[in-house]
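Trainee: What follows is a structure written as structure tokens; I'll ask about it next.
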């Protein structure tokens, strides 16, 4: 009898340990450790065209005679100098408003609308501008509340594993209880004692 109880205790402890091991949650930080595939630090790319040029022995030299152009005048003044002076004068000219107040008045800080902006047809443009949100390329670890509320209680893997483990433990306990009753009945004999003598019928008397 003691051996049976000891065997039953070992089976229950094994089932409980297995159910606890299955209900352990996963570490979310380990799921985000991915290896990037965009960088190749070990590989070195060599341009093969440069090697071909050196092997052919082609030298690209600038002809000194091409620098001497026939359009140069004897006075030493070049046409390029005149063009450079014109560009410098254009860059130095700046426009200033002075004390003039610009006609366009923007009130985007309060209402997000802009006023006094006219199109070609003298129509006021009162478009509402919404501030653009910065785009994040990296995935966030935040779980939206809508997805948490929509998922049912019995759809979680932890709940399903716990239910299965509890059912298995209940079956083991029920089977062991039935076996215990059968063994006890065989040891003690019949539960109902039979009478020693048998009563005679009244008809014979």
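Glycine residues also receive a Cβ, built from the backbone N, Cα and C atoms like all the rest.
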Trainee: Looking at 163-183, 184-204, I want to know which stretch Swiss-Prot calls transmembrane segment.
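Mentor: Transmembrane segment, as annotated by Swiss-Prot, spans 163-183.
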Trainee: Going along the chain, which residues at least six beyond the ends of the signal peptide (1-17) come within the CB cut-off of under 8 Å?
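Mentor: Long-range Cβ neighbours of the signal peptide (1-17): 165, 168-169, 172-173, 176, 179-180, 183.
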